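Asks: Straight out of Swiss-Prot:
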REPEAT    168-191  repeat 'LRR 5'
REPEAT    265-288  repeat 'LRR 8'
REPEAT    434-456  repeat 'LRR 14'
MOTIF     198-201  motif 'Small peptide recognition'
MOTIF     221-226  motif 'Small peptide recognition'
MOTIF     269-273  motif 'CLE45 peptide binding'
MOTIF     319-322  motif 'Small peptide recognition'
MOTIF     389-393  motif 'Small peptide recognition'
MOTIF     415-418  motif 'Small peptide recognition'
MOTIF     437-441  motif 'Small peptide recognition'
Amino acid sequence: MPRNPRFCFFLFLLFHSSLFFSIPCFSIDEQGLALLSWKSQLNISGDALSSWKASESNPCQWVGIKCNERGQVSEIQLQVMDFQGPLPATNLRQIKSLTLLSLTSVNLTGSIPKELGDLSELEVLDLADNSLSGEIPVDIFKLKKLKILSLNTNNLEGVIPSELGNLVNLIELTLFDNKLAGEIPRTIGELKNLEIFRAGGNKNLRGELPWEIGNCESLVTLGLAETSLSGRLPASIGNLKKVQTIALYTSLLSGPIPDEIGNCTELQNLYLYQNSISGSIPVSMGRLKKLQSLLLWQNNLVGKIPTELGTCPELFLVDLSENLLTGNIPRSFGNLPNLQELQLSVNQLSGTIPEELANCTKLTHLEIDNNQISGEIPPLIGKLTSLTMFFAWQNQLTGIIPESLSQCQELQAIDLSYNNLSGSIPNGIFEIRNLTKLLLLSNYLSGFIPPDIGNCTNLYRLRLNGNRLAGNIPAEIGNLKNLNFIDISENRLIGNIPPEISGCTSLEFVDLHSNGLTGGLPGTLPKSLQFIDLSDNSLTGSLPTGIGSLTELTKLNLAKNRFSGEIPREISSCRSLQLLNLGDNGFTGEIPNELGRIPSLAISLNLSCNHFTGEIPSRFSSLTNLGTLDVSHNKLAGNLNVLADLQNLVSLNISFNEFSGELPNTLFFRKLPLSVLESNKGLFISTRPENGIQTRHRSAVKVTMSILVAASVVLVLMAVYTLVKAQRITGKQEELDSWEVTLYQKLDFSIDDIVKNLTSANVIGTGSSGVVYRVTIPSGETLAVKKMWSKEENRAFNSEINTLGSIRHRNIIRLLGWCSNRNLKLLFYDYLPNGSLSSLLHGAGKGSGGADWEARYDVVLGVAHALAYLHHDCLPPILHGDVKAMNVLLGSRFESYLADFGLAKIVSGEGVTDGDSSKLSNRPPLAGSYGYMAPEHASMQHITEKSDVYSYGVVLLEVLTGKHPLDPDLPGGAHLVQWVRDHLAGKKDPREILDPRLRGRADPIMHEMLQTLAVSFLCVSNKASDRPMMKDIVAMLKEIRQFDMDRSESDMIKGGKCEKWQPQPLPPEKIVSTPRGSSNCSFAYSDESV
């Protein structure tokens, strides 16, 4: 029978195809079994891999599995699962066909198995965003076909192996946000195909960027930010013809930017900020026609800004601030049509603002403050209709504020303070509906405040003080419902304070002092007010009873006016009042007893130069926190016994009254100069000796009516007084000439009582300037006595006296007195029995409060209150300079007291604008304690109160984690701040960093701790200007316990209600910096270190 050729051919195909398909069937089963075995070794929670079943013969249909055209497993891709354990690799070795292994965000721990190096077909290995530790195994670098290696966001340690050069096909290498150390291997130059290299966020990565990096000719992204790379950028970087992003910010680079950078013609983003780069900006950058973002701020760049930058048409962000640049702002910047942000603050630029900038119609941020720019503001600025921020404060600008500025209807903040501007404020400025901040203080502006101000309904902060403004305060100001802060002091305003001001329902701060205002105080004022200064005007009438409704008021200054009548008793409802100054007015009647019912009255009470009669109210004995009392130049009578127990009094003036009787026999009154007692003809000094102290017999002496009339008597009294004081303190006649003693409280002891107890057995601590002893005096009272390290410690000794001797706060250690001679300097404080916060946290403290969150919260809130008082309530402000857990002492109920003011500094307000004190003075950096010092201590940057804020943030982290900032157990010798930052950058559970003694608490308590963690991160921002002010920190901490508990922990760790302070994390390719200067936030760094 003849054969059919077609039929034979069909049988042939059928036979061979059955052979072809029969072989993989066994192979697939084998790979399926290997995968099931691998799954069994994973600690998987839930049913994430429920589709992986032995009953399914074909694994190609399983979740996360892909096969090639031959039915072999080629890809394993599993994401966002919870494996909770190490990565097993033994079974994976059997899947030789595997080309892609991606296990991201699956909570892998342990080390990377070296067996992965046997997967010879592997092209993609992605183990990012896990908790892998240990070193990168060298075996990985045997995978010659590997194109993508992603190991970022883990806890990997060790060095980057030099075998990296074997991966000649590698296209993408991401190692960022680990704990890698050592240098970048020179073998990286072998990777000719490498397009992406990101190893930022490895703080211990050091050495120089190798020259060989220039051999990576395919490189598109080079990200090595937030490392310890040092030295110069190699000139070979110019060989990277395809590179689009170079991110090497927040490192230790030095030397100049190489001219060869101009050869990188594809470059779009250059981020070199926060280094120590010197030299000038290369002219060759003008060749970078695709450049979009140029961030070089906070370096040591000098010379002129090259005109050639104006030939980079794609530029939209230029930040060269905080350098040493000189010369003019290039006119060529007007050729940049896409420019959105130009930040040149804090340099030494001169010349004028170029009119050509008006061509940059997309400009949103123009910040040129803190330079030496002169001339007028060009009228063409009105063409910048997209402008939202215009900061030009602290320059030498002259002329008028151009009316055309009102055409910039998107403006939100204008700060032209500290210039020489003149003329009137353009009416049109108040037609800018989005304007929230208008700061024009310290100029020569004149004219009237226009009624148009009422149209500016979003205005939040208005500072016009220190000008020559005249006329009335317009009634339309009452339309500003959002106004929080108004300062129009030191002008020439007249007329009444408009009653419409009561409509400013958000108002907290009002300063109108030193004007010519008349009329009375409005009967109704905003209940939100915290600060009122109307002193040095011509206001009349009586105080309205409505003053009692201001329950948030802390400071009220009405001095140097013409007020009359009696003080309303309703003032006692001002329960937060700390300072009350009614001096130099025409008040009459008796001082109301109700003033003694204000427990917060601690800073000052001034009722001098009025017509008060009667006696000092008996309730004044309750003002135990009061520091300064002035009732001089009145018609007060009676005795002064009611003041005898005011132990916190530092200053008292009762002169020119009609007081009589015996002066209280206390040390404070015995030390008062006669000038504060004079013209009280019925007043006399006690003749009774003090118990236990040898005294010279004195006759009763009438206090003189006038120093001029009884000059000789005064001199005799002063001489006797001086001798008696020295004799009482020392108890030794032979030491009368050697010791200088000042006591602020009544203390019965001799110098010998103190000195003999300064032994090693009584040491309770050490500070930055001395050692502290516990000393019990004969009366049984226990003191803390600090002995300065050496007689050369004059600065620290004087700092303690000058600072603590003039301030009072419930959370600041109380200085009881001091003494010194040529060889010894001693300071006397209240003794606090529970040691320091440091000893409480780290095992040596008394009591069991160390593990209690509520106690820790109260401690840090108290310290925040103390620092806020120093920074914002003291005039001038005070910097502590050494905030650390050791300097936070604990009272009998574990209440906190800030101590050790040996490094404290008085801060001049010169050069400060809008309360932003990030640039207060040019003094050299302060000393501090290692581990707590802010980054600016390591450079020539200004040290400000924001440095205290950083140290406070470290203390917060110490309280939350229970770890010392330099805890030797932190991996890789990391600092506490970096350890926490790395943990959170790895998107790990923030609860894991909490002190084990704090974990396992109820959800509301955990919420509090996580929110406090968010506050601490604001405090430890690398840039001082990014850190909040202490008064805002207090507000945030107080708000935490009233926080909406429905918010998620992830929201809170990003800032919670504090997020208005949080720098917005953006990948570098999308960075648009936020303003510095007058605002309190600025671009800091990307959340993803590149």
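Placement of Cβ uses the backbone N, Cα and C atoms for every residue, glycine included.
Since this is a predicted model, take the numbers as computed values, not measurements.
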Asks: Could you give the residue numbers and ranges of same-chain residues that sit at least 6 residues beyond the motif 'Small peptide recognition' (389-393) on either side and whose C-beta is under 8 angstroms from one of its C-beta atoms?
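Replies: Counting only partners 6 or more residues beyond its ends, the motif 'Small peptide recognition' (389-393) has Cβ contacts under 8 Å with 345, 353, 364-370, 373, 377, 381, 405, 408, 411-419, 439, 913-914, 1075, 1077-1079.
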Asks: What is the three-state DSSP composition of the repeat 'LRR 14' (434-456), stated as helix, strand and coil residue counts?
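Replies: Helix (H, G, I), strand (E, B), coil: 5 helix, 6 strand, 12 coil.
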Asks: Can you tell me how the residues of the motif 'Small peptide recognition' (415-418) break down into helix, strand and coil by DSSP?
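Replies: So the motif 'Small peptide recognition' (415-418) is made up of 0 helix, 1 strand, 3 coil.
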Asks: Average the pLDDT scores across the repeat 'LRR 14' (434-456) and report the rounded value.
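Replies: It averages 95.
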